[in-house]
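Encoded as structure tokens, the structure appears first; notes follow it.
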Amino acid sequence: MEFDLIAKYFTRTTPDAVLGVGDDCALLAPTPGMQLAVSSDMLLEGRHFSPQDSPAGIGHKSLAVNLSDLAAMGATPRWATLSIALPEVNDAWLTAFARGFFRMADLHGIELVGGDTTRGALTLSITVMGEVPPGQALRRDGAQAGDDIWVSGVLGSAAMALAYRQGRLFMEQIDAAKVLPALYLPMPRVELGIALRGIAHSAIDISDGLLGDLGHILERSQVGATLEFAALPTHPVVQGYLHEAVARDCILAGGDDYELCFTAPASQRDAVLAAAASVDTAVTRVGCITAESGLTVMDADGQPMSIEHTGYNHFAAES
Ligand code: ADP
Ligand code: MG
């Protein structure tokens with residue numbers, strides 16, 4: 001039964017692998033001279049998605065969040081494995097899930113080469129492998145005092161959508177419809193990460209909120225930062241709710257953006273903009289790295305804002 005399931009839903013031709021799904025191991029031939037970037041992310045029903053969510057969306061997002069880690073490293077996606085626990089074999093669910101998963105895979109040229117399948121509470125664990133030239137990975141520990149801080153796309157839309165879905169924020173339905181895709185169908189910034197090789201000093205993907213994730217760069221690089229709140233790029237819908245504290249929290253500390261936050265020397269401003277333009281991605285300069293530790297967010301009047309939320313902590317008491 002399980003072999004049928006794997007054959008039916010998860011086996012496709014894998015021209016980029018020596019051997020794909022079906023044997024005890026996949027066989028992969030990395031490009032000579034490249035380094036492998038490897039990352040895993042787990043998604044649990046009830047925590048990362050809810051039972052009512054569309055299976056195609058779950059397929060899309062489960063791979064997208066993993067690809068986002070490759071993007072943050074500047075790695076070119078190559079191979080993935082998918083381990084999945086399923087409470088039952090539901091043909092409609094699996095068909096739609098596989099459709100969403102492989103659509104995202106095809107978009108970024110990553111091949112599913114193996115995994116594991118078992119019965120249990122719906123759980124997804126994906127491992128992605130990518131390649132990056134030696135010394136060019138965008139690491140968290142490379143930020144330097146004086147670097148500009150940049151973010152891609154817009155911030156806070158996914159968290160706003162989640163706040164709306166959870167009833168913590170009232171939004172007009174027409175507005176909500178414009179931010180919900182950010183929550184359910186995030187687009188990893190894979191091409192931008194690759195374009196920033198050799199330009200950015202450090203990078204991270206924003207999965208747990210800007211402040212928390214930038215905080216990881218600061219910690220690993222042993223530097224501090226100043227951000228300009230007014231410079232943070234947001235969707236026009238989000239701008240309409242800025243008078244709400246929830247909206248401001250979503251921009252600074254909301255999760256699920258899957259944008260890149262990166263630092264680069266001021267001398268590379270034109271290079272950053274050219275790299276971003278070459279992959280049709282908006283990037284915005286939002287602050288700078290300081291030698292003194294600590295993270296300060298300035299309001300529009302140049303006054304430090306008081307910051308209560310510094311990012312979603314998976315082990316904090318659930319609110
Ligand atoms: P084993 O008992 O040797 O671990 P499995 O029965 O778990 O073998 O898997 C058989 C083959 O199917 C292996 O190549 C494995 O990588 C692949 N596979 C299992 N589950 C999945 C999945 N969900 N997606 C992709 N490949 C899978
Ligand atoms: Mg197995």
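Placed from the backbone N, Cα and C atoms, the Cβ positions cover glycine too.
As recorded in TrEMBL, the features of this protein are as follows:
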DOMAIN    22-132  domain 'PurM-like N-terminal'
BINDING   ASP24, SER39, ASP69  Mg(2+) 4 binding site
BINDING   ASP24, ASP69, ASP205  Mg(2+) 3 binding site
BINDING   SER40, ASP41, ASP116  Mg(2+) 1 binding site
BINDING   ASP41, ASP69  Mg(2+) 2 binding site
BINDING   HIS48, ASP256, TYR312  substrate binding site
BINDING   GLY115, ASP116, ARG140, SER207  ATP binding site
DOMAIN    144-298  domain 'PurM-like C-terminal'
BINDING   ASP208  Mg(2+) 5 binding site
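Structure with TrEMBL features highlighted.
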residue: ASP24; record: Mg(2+) 4 binding site; Cβ contacts under 8 Å, 6 or more apart: none
residue: SER39; record: Mg(2+) 4 binding site; Cβ contacts under 8 Å, 6 or more apart: ASN66, ASP69, LEU70, MET73, THR127, VAL128
residue: SER40; record: Mg(2+) 1 binding site; Cβ contacts under 8 Å, 6 or more apart: ASN66, SER125, ILE126, THR127, VAL128
residue: HIS48; record: substrate binding site; Cβ contacts under 8 Å, 6 or more apart: MET42
residue: GLY115; record: ATP binding site; Cβ contacts under 8 Å, 6 or more apart: ILE6, PHE10, VAL21, THR81, LEU82, SER83, ILE84
residue: ARG140; record: ATP binding site; Cβ contacts under 8 Å, 6 or more apart: SER202, ALA203, ILE204, HIS216, ILE217, ARG220, SER221
residue: ASP205; record: Mg(2+) 3 binding site; Cβ contacts under 8 Å, 6 or more apart: SER68, ASP69, ALA71, ALA72, PRO188, ARG189, ASP213, TYR258, GLU259, LEU260, CYS261
residue: SER207; record: ATP binding site; Cβ contacts under 8 Å, 6 or more apart: VAL65, SER68, ASP213, GLY255, ASP256, ASP257, TYR258
With a 10 Å radius around each C-beta, find which of these binding-site residues (ASP41, ASP69, ASP116, ASP208, ASP256) has the fewest other C-beta atoms nearby.
ASP116
Out of ASP41, GLY115, ASP116, ARG140, which binding-site residues have CB atoms lying under 6 Å from ligand 1?
GLY115, ASP116
Close-lying binding-site residues around ligand 2 among ASP24, HIS48, ASP116, ARG140, where CB distance stays under 6 Å:
ASP116
Give the distance between the Cα atoms of the residue listed as 'Mg(2+) 5 binding site' and ASP116 (Mg(2+) 1 binding site), rounded to the nearest whole Å.
28
Mean pLDDT for the domain 'PurM-like C-terminal' (144-298), as a whole number?
96
Treating G and I as helix alongside H, and B as strand alongside E, what does DSSP give for the domain 'PurM-like N-terminal' (22-132) in helix, strand and coil?
37 helix, 44 strand, 30 coil
Which state, by DSSP, holds SER207 (ATP binding site): helix, strand or coil?
coil
